[in-house]
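Read through the structure below, which is laid out as structure tokens, and then see the notes.
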Amino acid sequence: MAETTISTVKPEGNLVQRGLKEGLFAGAISLGLFVLFVGLKTDQNMQNELILVPRWGLLAIFVIVAAVGRFLSIVFLQPWLAARKAAKAEEVKAVTEEEGFFRKHFNKIAIAALVLYPPIVLSLVGVQGSLKFVDNFGIQILIYVMLAWGLNIVVGLAGLLDLGYVAFYAVGAYSYALLSMHFGLSFWVLLPVAGILAALWGVILGFPVLRLRGDYLAIVTLAFGEIIRLVLINWTEVTKGTFGISGIQKATLFGIKFDASPEGFARMFGLPMSSAYYKIFLFYLILALCLLTAYVTIRLRRMPIGRAWEALREDEIACRSLGINTVTTKLTAFATGAMFGGFAGSFFAARQGFVSPESFVFLESAVILAIVVLGGMGSLVGIAVAAVVMVGGTELLREMQFLKMIFGPDFTPELYRMLIFGLAMVIVMIFKPRGFVGSREPTAFLKERRAISGSFTKEGHG
Amino acid sequence: MEYFIQQLLNGLTLGSIYGLVAIGYTMVYGIIGMINFAHGDIFMLGGFAAMIVFLILTSLFAGIPVALALLIMLIVAMLMTGLWNWTIERVAYRPLRGSFRLAPLITAIGMSIALSNFIQVTQGPRNKPIPPLVSSVYEIGAISLSLKQIIIIVLTVVLLSIFWYIVNRTPLGRAQRATQQDRKMAALLGIDVDRTISITFIMGAALAAVAGTMYLMYYGVVSFNDGFVPGVKAFTAAVLGGIGSLPGAVLGGILIGLIESLWSAYFTIDYKDVATFGILAFALIFKPTGILGRPEVEKV
């Protein structure tokens, strides 16, 4: 920070000089970083031995991009940012109380848009074309929204860092898969059952870790997540191990099945057979589940238990001194968060028709946690925005077939999906460490409701 | 009895590798209080660097002695991962220092995802097998001790002694310990805190690179997602030993290695990781700050 303010005062020539120096330095560093991994590629030959294939051209591109990028950033970007910041600081900002119409009614508009999304897509691209949009972009994103909102209760409200949230997702998915397979129960019976079972696991796993704080809690929750996944892999008599359980019953709409039978949805309404109707039904189902999660979260925040969660996040010692039972407070947070994970899990199983331990790896927990933090912990809108950006963005990458024309036919954008996801996590955090939505609305206030900056809320110690 | 000693040796070897990685976790945690999730992938990068250097050496100098090749692999891998970890700290962690606690954790997870996918994209998703480097095996009674194991254990002991010396007897180590205790006060007393933290990252990465090279030598194969499982286990080791404590990290690593090999030997191999994580959870319930960790004093 200090460097940039000095550089704006210094004459232009000096800046270019510094830019050149830093650019060369960045080039040298990136040469060192990439010389082995980009400059050389290891391939297997016919004898299955590793051979090296040089790629010096690609290495040169990497180095040049790093050097030129650093130079441009020093000479143009940083002075410009500093100037903008200075201009912003000088400008006396009138405190505007009046928000725009869009901002004021953002939630209502967003919900209306989501409800209207499937019919609009249907009318625009037809029944078969809508599959991709409703399934990949709609359902996929909403599942992550729901999971992130569920985890938000644990991390954002109660301030307990949980790195194994995907375990409850797995519990929900497997309880639906196994119970529907063995007892033939329907989705609507098993949805609450899956939620209850997941909540029970939340309590079981939460109980031993109550004494742990901060990073110890993080590693133990991570360990529990891994234990559940490993048990799912190894307990083959029940879970069929890595093969997973397939042929899971689909969800029904008031007893109407979505299949080709005469009582099926398509025949009943005289529509052509298509799996798009089931997807649209699932879209509304997960939308309803998401809204339920949001509603429960908003209501709970105003109830004593929700306030206790947030108080626990702000200051655990003060909480204890005021007579709040921290044990039950933490356990209810774990259980409530886990319950929504369980709902999402059983929905996931009904949507895929197939569950395997592969879907419940640590990476999923990390992605969900990343969405919660990137969105701004505790802010429902921010989390939804983060889910749309991160999940929708990576899904979008699958669709970018036109990139093949630029980079040649061997280019597969899917490969770069997680690479870009990881880098995006880093970049967003650096520029917005408090998440996309920087303001919070406390539920307790003195005279009038006001949004405060996210920096005023604490993140909890354990 | 022989079988038990054999398993003990195997566990010790594995534990040495975990211990070396765990030191990187525990040092970074001690000095800036963050879980460096990307450390497991730094370990994997070390293995990859060693593998590529090995291929360069065998294609350029066909009859190179194994000891020399190993030495060059080790040095290049250490330099390479040191540079990587330095860059990562500079780019992804330093701007967030002093920000809230979860921000660097998220960037570290992001870096971990990015690193393993970077290797997958640039080097391909397949396993990379190399021919066995060291294959001598010594038979002592019914116990077989391979040269690989001896190298790993001896190298670990030597590195730990050097490391112990640096941390406890040099000005650099004093600066590190001071920064660990109180960053602001250390800065006021003239310690270049940023530089100390950078050096800590480089040292941790170098140890991880040694572990990565040893892993490559021991198993003869490396793949882009090899960072995660050993990384998590090394982190488990660091926590079990008491995070922030250097002897704790080594002790934790050896314990985890022993648990793993003894469990696979006497019970079922399927559940060895479950046993590791289960014992971690169990140990932390009774000793919430790890075996050698100092309890966190809360000031009101």
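Using the three backbone atoms N, Cα and C, a Cβ is placed for every residue, glycine included.
Curation plays no part in TrEMBL annotations; they are all automatic predictions.
These numbers come from a predicted model, not from an experiment.
The transmembrane segment annotation in TrEMBL covers B:12-35, B:42-62, B:68-88, B:100-120, B:140-167, B:197-218, B:238-262, B:274-293.
Counting Cβ pairs under 8 Å that are 6 or more residues apart, the transmembrane segment (B:140-167) and the transmembrane segment (B:274-293) reach fewer than 3 and are not in contact. The highest tally of CB pairs under 8 A with the transmembrane segment (B:12-35), across B:42-62, B:68-88, B:197-218, B:238-262, is held by B:238-262. Away from its own ends, the transmembrane segment (B:197-218) comes close to residues 13, 16-18, 20-21, 23-25, 27-28, 31-32, 36, 39, 42-51, 54, 70, 73-74, 77-78, 80-82, 84-86, 88-90, 94, 130, 133-134, 148-149, 151-152, 155, 159, 163, 166, 172, 176, 179, 226, 230, 234 of its chain (Cβ-Cβ under 8 Å, at least six residues beyond either end).
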